[in-house]
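Taking it in order: structure first as structure tokens, then the write-up.
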Amino acid sequence: MDTLLRTPNNLEFLHGFGVKVSAFSSVKSQKFGAKKFCEGLGSRSVCVKASSSALLELVPETKKENLDFELPMYDPSKGVVVDLAVVGGGPAGLAVAQQVSEAGLSVCSIDPNPKLIWPNNYGVWVDEFEAMDLLDCLDATWSGATVYIDDNTTKDLNRPYGRVNRKQLKSKMMQKCILNGVKFHQAKVIKVIHEESKSMLICNDGITIQATVVLDATGFSRSLVQYDKPYNPGYQVAYGILAEVEEHPFDVNKMVFMDWRDSHLKNNVELKERNSRIPTFLYAMPFSSNRIFLEETSLVARPGLGMDDIQERMVARLSHLGIKVKSIEEDEHCVIPMGGPLPVLPQRVVGIGGTAGMVHPSTGYMVARTLAAAPVVANAIIQYLSSERSHSGDELSAAVWKDLWPIERRRQREFFCFGMDILLKLDLPATRRFFDAFFDLEPRYWHGFLSSRLFLPELIVFGLSLFSHASNTSRLEIMTKGTLPLVHMINNLLQDKE
């Protein structure tokens with residue numbers, strides 16, 4: 001949905017299916033390519049009689065695209081202790097680097113490929129980027145969105161949606177970082193050694209970088225930020241293609257936020273039953289009458305669905321919709337861990353984004369939330385580094401963690417995890433009933449829920465409103481499937497104190 005992110009972890013959590021996770025291959029359109037990323041796919045029809053493997057043969061070779069300007073590199077011979085070392089050059093890391101450096105503090109950004117344009121596909125609500133003055137970083141917008149509950153029920157969402165221009169967003173951030181004096185180091189951090197007032201980052205090229213504060217912005221690797229509780233999240237899994245098609249049935253002025261219809265599976269009993277147990281939906285961004293981004297998505301499951309299963313469902317759906325793929329510009333494998341415990345709070349390494357547990361546990365949304373949190377992290381770092389009073393490394397990082405995860409944000413996340421635990425238990429009919437009620441709510445409620453703008457008192461009102469809008473069947477499902485998650489949430493809320 002909002003963030004389609006790679007994870008370096010192997011995919012043992014998938015239903016008996018191991019596959020290397022790829023991300024977008026940002027390339028010019030090619031008609032054919034030899035890249036194969038999956039074995040043992042089903043032979044359901046697509047493009048009339050074409051098999052799913054025939055669709056995959058249209059996937060082009062991966063070609064990495066880099067920014068075309070020079071970066072000021074970190075000079076290890078000087079042995080200086082930088083104020084902030086940011087590990088990871090994604091949106092979250094660069095946003096913090098940019099804002100901390102604007103205050104005149106020294107920053108080093110460490111990433112194995114600092115000039116590589118992000119391979120991830122980001123979709124956001126336009127109002128979220130407008131609030132951060134980032135409208136110039138959207139390369140396509142739609143006046144609204146559509147949700148297909150089933151063949152007879154459609155929801156029209158009057159909320160503009162946009163696709164992030166990855167190159168523009170990264171270029172804008174990098175240029176500001178360069179202007180502010182940020183230095184870059186092309187390497188992977190393999191270890192961090194902490195002393196009282198500084199930390200030493202050991203890189204895989206043998207270079208050691210010293211910093212007062214270390215920020216882990218590496219996504220879901222959890223390589224630097226520590227966890228002390230069992231990690232058992234739900235997983236959002238998706239497969240997407242940016243394709244040239246002969247035609248498609250969607251309104252080019254609206255994106256398809258969710259399509260829960262399953263009429264494309266009526267002739268495949270086994271696949272229809274699988275989809276009924278753990279449903280998937282179509283997410284689509286039509287750029288023109290013959291160019292469209294299509295993605296089959298499992299909202300959340302534990303364990304996550306196998307990529308082969310997702311692709312088989314997508315192929316059946318496209319065939320049923322009469323979408324004949326002529327060529328594929330980019331393809332994307334998406335695996336997003338959702339929910340699970342927060343990292344140890346506080347700890348010496350500061351985190352942001354996926355490594356700090358900031359993915360929305362009910363939706364998989366993160367990019368807008370993370371970019372909005374960047375000033376919070378940056379301001380905390382600036383405040384404590386600029387203080388006349390000397391702080392130890394542990395004191396400083398504890399203060400930053402407190403600002404990133406205040407009690408109201410932790411309570412909000414607990415409610416979102418409660419929502420995820422209910423969604424994990426819903427089959428297709430129950431999921432449809434849930435979203436039928438969800439998108440009937442006043443816009444301020446579903447807007448606020450999806451954009452992480454509601455806090456616990458408002459979330460309680462949101463929950464009561466959702467329950468009142470639900471059908472009797474859906475109310476019964478929420479009560480029976482949500483009782484244990486509700487008890488778990490209340491227990492966690494009572495234990496979590498300032």
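Using N, Cα and C of the backbone, Cβ positions are placed for all residues, glycine too.
Swiss-Prot lists 1-79 with the feature transit peptide.
For the recorded site, Leu84 (NAD(+) binding site), the DSSP three-state label reads strand. Summarising the annotation, Swiss-Prot assigns NAD(+) binding site to 84-112.
Residues or ranges marked as motif 'FLEET motif' in Swiss-Prot (evidence: a curator's inference): 293-297. Here the motif 'FLEET motif' (293-297) is broken down by DSSP into helix, strand and coil counts: 0 helix, 5 strand, 0 coil.
Counting same-chain residues at least six beyond the ends of the motif 'FLEET motif' (293-297), those with a Cβ under 8 angstroms from any Cβ of the stretch are 1, 4, 121, 163, 236-243, 280-287, 310-311, 313-314, 317-318, 323, 332, 334. Here the binding-site residues are Gly88, Gly104, Pro112; the one with the fewest Cβ atoms within 10 Å of its Cβ is Gly104. Within the same chain, residues at least 6 positions away in sequence whose Cβ sits under 8 Å from that of Val96 (NAD(+) binding site) are Leu84, Val86, Leu215, Ala217, Ile352, Ala374, Val377, Ala378, Ile381.
Averaged across the motif 'FLEET motif' (293-297), pLDDT for the predicted model comes to 97. Note on Ala92 (NAD(+) binding site): other Cβ atoms within 10 Å of its Cβ, all shown chains, come to 30.
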